[in-house]
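Working notes for the structure below.
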């Protein structure tokens, strides 16, 4: 029957004890039908039955009906119960088909026959478990009548969020006055309930546990809802929601624990049985209500290693050991119960005094005295003259300084710890000395006192001890503080108000400030200067509203970029007792100006930096911050200088062709004179890298204005780079073999020459522009240009020239998109001086063997021709006869004068020839 599932007792000593078993079975009818109705038993303080008290100890059992029991056969009475001086309250969640019910039995202590029973009626709300938890309060909804509180963890309008009913007795019925709804479905809101006055306002407040509430993202498991009472009015919304660790079932049990620390406010405990080995968390009440964090957490593993579900049930409110502090009984599912006794609570008072109030740092040899005093009283109001309380205390000196300026006489350190065993108020004095030299005279010397009770806890296996010998402090001890001052030359209020002012600018090595563009300084960097000065002017002069008192521990902090390297400092100032000293700490230059930096004092400081800037540095920026221990609000000063990088470069023509001549014939490979130009480029400074590159721009005279070729390129070589001139300049060179096979007429240059020609890009010549980039150049580069002179143009257009000068130009330029990198361009002229070969006939000379062979071939050819002509009779002589005659034909003889033949005329007879001649000698 699970007897003991609920145990309750009347609070006063000797009161009765109520024990229930909700699985008690009763047999009904002739068939002996088993019905689990549950049963509760009332016994005396000794747990024995007493006939004289049978009206209490033999009450009428709830659910034990003799008539129609269909609605009560599984009422499970006793799953929750409570008992007061004249009432017994029993919950039965199975009544009315699991609607549940609460049975309240009132017994008149003065009349054994006077009693009254009350319960809820059948409300036709099935399966909501009214009576799963019960309690009662005299100051919840009314000061004049008792309020019955019961949980129904499956109730709430079809969503099973759970509810808590607050009801009052009306005759034999319980009438619900207020219903509180749960927050989350299945959270089992109302699993446990408890009431007590946590803020001591005379009205009881309400606790409701919901052990199965969870929030995955917030890692929450279980909740307890705190409803603070406002003059008898409970708000439907909780005042505070306490949440437990994930999976802990926080709120499985709650109990009003009484005033554990005897501070006048009621406290409570909450069980979380599935948090590790189980935990019980204690909350203390206060005038402000309940905090969200517990004041104490008790883990099952710290009590006994046998616990696995420590805190599954709680019972409290009784002083078991009689030390006037309520104790706490903690149950589990591990067949183990723990009784935690409350230790006496001590209110410890402490005081700290330090004198003198002002210390002269020049004449202080352990001149400071620290007095600590302690007194205590138990929270119950009792004083103990027999038992000493041991206090452990620690005094710390100059706690606000990283390097304390004080040390104790007894141990030489800045902290002092000791024990005091006392039965009444006790004081102790400690001597403290001031370390020298003292750099910080402005910041006060702050002392703190921290104290706690020195505990010698008994061993676990020791017999039961009186807890009066093991008190605890009423609250977490907090240190107390006090302070004194170091004597200094400041105002009557012992506060120093300085008026530090600062200006700064960059200068060159001669301390000349750089020029300004608008408001910024401008540095022209040519990579020859390696030092940079930062001029800083600092003063502490009086101005309206500022008294300019001494600036103690005046320091100048300068943050500078990696391109600068601190080299040294120069100072010049008035009223200076020592020079300015600087040191570098994590790329911050710290300069000590003086301690103190006197009123009306001025100083001029030059910070010397070595710098090795790369070309991608566009600005040098520093931040200057004055600091002092005196009272003054100081803002940082930004000083910057823009940087223009000027490249120091040179372009020179280290090799050029000498005077060149032209003549009237071009043979084979000697198409035109070979022209060779070698250029040298030098640069001083770092490599440009990805920021740009140098380039040589050529203005090349490649033709005359009439289009005839003048100079044509054959090759351009750049050491470490590549240069591609336009194709129009090199295409003729590709056809040079074709030109060399064409013969030009033989000219004899005997003309009278008087003119001198100059052909350049402005007059006489067409120039084409091409660029040769010098990529990845370090400090120097060499360019080689090979070209040839177009001789035909010379012979055709400048046959009357005395000299011809062909002139172009090469210019060294900077190619970059960065505006702060600059360079002066450098140019050199490309000149070719050409002269005609005066009075010289074209040379037809040939090798002697060629002449001999040619003569022999000629003679042989002539002989062959003569032989052929002789064979043809060419050499036979034909002469004319000394006389001439003409023979006429027969028909000719018979023609008339007009040439017609005369017909029928007989031929004449032959005649003798008549010959005549003339001979001339």
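Each residue's number is its place along the chain shown, starting with 1.
Backbone N, Cα and C atoms are what each Cβ position is placed from, and that goes for glycine too.
Pulled from TrEMBL:
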- 342-488: domain 'Integrin alpha first immunoglubulin-like' (DOMAIN)
- 490-641: domain 'Integrin alpha second immunoglobulin-like' (DOMAIN)
- 667-836: domain 'Integrin alpha third immunoglobulin-like' (DOMAIN)
- 177-236: repeat 'FG-GAP' (REPEAT)
- 237-292: repeat 'FG-GAP' (REPEAT)
- 296-357: repeat 'FG-GAP' (REPEAT)
- 848-870: transmembrane segment (TRANSMEM)
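Secondary structure of the repeat 'FG-GAP' (296-357) per DSSP (helix as H, G, I; strand as E, B; remaining residues coil): 4 helix, 30 strand, 28 coil.
Residues of the repeat 'FG-GAP' (177-236) grouped by DSSP class, helix first, strand second and coil last, total 0 helix, 30 strand, 30 coil. Broken down with DSSP, the repeat 'FG-GAP' (237-292) shows 0 helix, 27 strand, 29 coil. A mean pLDDT of 93 is what the model gives for the repeat 'FG-GAP' (177-236).
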